[in-house]
Amino acid sequence: MHGAQRSTAVRHLILIAAALVALLSVVGIGVGAALPASASSSGSPTGRVVLIGVPGLRWDDLDPARTPNLWALAGKGGVASLSTRTVPPDGLPVTCPAGGWLTVSAGQRAGTGGDSCTPLPGPVAAPDGSAAVPGWAALVSLQRAGSYKADIGLLGQTIIDAGGRVAAIGPGAGLAAADKSGKIQKYAANPGELPDLTPYTVVFAEAGEIAQVWNQEGDARRSAAAAADRTVGSVLAHVPAGSTVLVAGLSDSGATAHLHVAMATGPAGSAGPAGSTGSTGSTGSTAGLEPYGAGWLTATSTRQDALVTLTDLTATVTHVLGIATPEGVVGRPWQPDGAADGTAKDSVARLADADLASQVLKQVREPFFLVLVVAQLLFYALAAVVMRRYRRMFVPAQIVAVVSAAVPVSTFLAQLVPWWSLAHPMAALCGTILVMAGAIAGVAFAGPWRGHVLGPLTVVAGVSSLALLIDVMTGSRLQVNAVTGYEPVTGGRFYGFGNMAFAVYSTGTILLLAGLSQALRRWRGPALVLCLAYGLLAIVADGWPGWGADFGGVPSFILGFAVFMLLLTGRRVSVIRLAVIGAGGVLAVGLIAVADWLRPADQRTHLGTFVQQVVDGEGGSVVGRKLGAMLHTLGNLPLTLLSLVALAFLFLVLSRPSKWGAPALSQAYGHASALRAGLLGTLTAALAGFLVNDSGVAIPAMALTVAVPLTLAASVRALQLSTPTTPDRSSAQADSMARPANGPR
């Protein structure tokens, strides 16, 4: 390329990148403009809250006879599953009672350190009725040394500074009620010691009986649940009229993490001074909001029906009081989410089923990936033999390849079936996925497109792209508790594109466009417009805070898509071009994140939250956690091995000459030149995704699980359409652009 041409090409790339950045930033700002900004009160509290913590409480603990008080609340209040992830002890991935209460205090994940759950510290009472938490300074130092930098005492201090009064009933509640010095304004060891709750703005009460039977089930747990219900009833008997009551099973009660109980009754917000704003811009003025009535709860932190998080409790308290939510609180207020269908029994059963799904997922995830990896490795080994020796096995190899490539998207579609509730969930999961993949493959071979080199590829890639695009546009329901999705119990992500979903989505999108551009090769202009339009839509959906909210995905997707478009239009991919495109991708996602940050704090996604963490000086620790998680994935032997074997098959089997003549991949390129652009684009996106996402090797593993089998299917079809030659002979016929006629026979 001459200097002038190179300069022109770079200018064009800069213009394209700038246009994409402008589009994404306008979209991101548009999201903020589309959602109503709300005011926040920075004055005195105008609401009243009673927060009852029942550490360990699960939905399957509730029973109309054994726990009548909790059952009555479930019938008249808003209900949801509660994700209680905090900072767990070393080697014990659960939430301890003390960690749960401290997390409420800070509005950020907190913990007590060590390698086990430590006993709750008993507050030291003073003659005036106040108390102090022993060892508070050590707890503060522990949080500051941690990666989340939780500011314990923040909630109690915020209420007191706003002119409110705080009381605590029970040692765990004392941790949530304490101010930043560890002092509790009013403390009682049990409900009987504080019968009059009227003087207090916020009362934190503990019903800790379930946590006291740690790791016990059966009669011991049922008795503890009944005792906790009696404690809850004694608190409820003294709640002042007009108060908001929040009930939270804010920790685990054994060595297995669960989803827990979240309930709310009473006013869902308090009317603060109109037009007043706090430091965060979070919602505080809530006049006119519906109360927490019978139905579901949600929060913008999860964007899922009937699912909220423990850190949301802090924001919910300040929201109901009508005071500003302080910076550092990562949760969002609980909100009513519509009436539930059916009775309290139906709601409890649905939420217990959600916890069952989370438990079954933990049991089947590791075995599933082991089965997936072993099946893929065996498939590649057999396919390598077939490609070199057994031409008559080409059709079965093509069919198996297409089914294999449809498995990743089928892991999400399987969520349409309640496989986790069946007697043998692992078998049910694998069977459901295979049925879904088989159905997709059936469509891939059902129409006239089956005879084209990229026909089946285009169908599978299209389903992979469109199914996940529609999913994120409609709430990301298919990814919740999917074996390749995200787990609400661990609390890593609740909406948008998870990293494995992104790998399937970006790979499917680029290969879909490769197939469509090949089919429309006679209409080059419209084909390029279609590719550009759908590609930009897919990228915007990936990064849009209201849909994909994928911080790390956008730059890698842009890079992969740009490589695809450059090769499709016959342009050379150079280091300069990649650098310009990569910089544009980083700038694009940065602008989206800043636009999200400019919205009120209670409406931000994790993109805007990250910007706030950078502003607060916490960006380095966040990036460090992500980098450490990415490097840790290299120790995932099955996924690392899967990635390496898939690449080896691609470059050592499909790209080398065989007894049939020229390399199979070269013959596929000869019949469908767009395949080369699509394949290199997907590999680029996968590599970039590996480098910038905390899931690391999982992204290329899933991307290759889609791309390599589809490439094999295309290569097999190309071999079927070509006249066999010896490797040392000219294979002009094999490289011809002959139009395919019939499908596999």
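Cβ coordinates come from backbone N, Cα and C, glycine included.
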If TrEMBL is the reference, give me the range from 123-141, 674-692 marked as transmembrane segment.
674-692
State the residue range annotated as transmembrane segment by TrEMBL; the candidates are 223-241, 527-545.
527-545
TrEMBL feature transmembrane segment, matched against 16-37, 698-719, maps to 698-719
Would you say the transmembrane segment (637-654) and the transmembrane segment (368-387) are touching, if the rule is that at least three C-beta pairs must lie under 8 angstroms and be 6 or more residues apart?
yes
Determine which residues of the chain contact the transmembrane segment (698-719) at the Cβ level, with the cut-off under 8 Å and only residues 6 or more beyond its ends counted.
372, 376, 379-380, 383, 387, 391, 394-395, 397-398, 401-402, 404-405, 407-409, 451-457, 460-461, 464, 484, 499-500, 502-504, 506-508, 511, 633, 636, 639-640, 642-643, 646-647, 649-650, 654, 660, 664-665, 667-668, 670-672, 675, 679, 682-683, 685-687, 689-690, 734, 740, 744
Could you pull out which residues elsewhere in the chain have a CB under 8 Å from any CB of the transmembrane segment (426-446), counting only those six or more residues past its ends?
363-364, 367-368, 371, 399, 402-404, 406-407, 409-411, 413-414, 417, 419-420, 455-456, 459-460, 463, 483, 743-744
Result, the transmembrane segment (551-568) in contact with the transmembrane segment (453-474) (3+ CB pairs under 8 Å):
no
Of 399-420, 551-568, 637-654, whichever stretch has the most CB pairs under 8 A to the transmembrane segment (674-692):
551-568
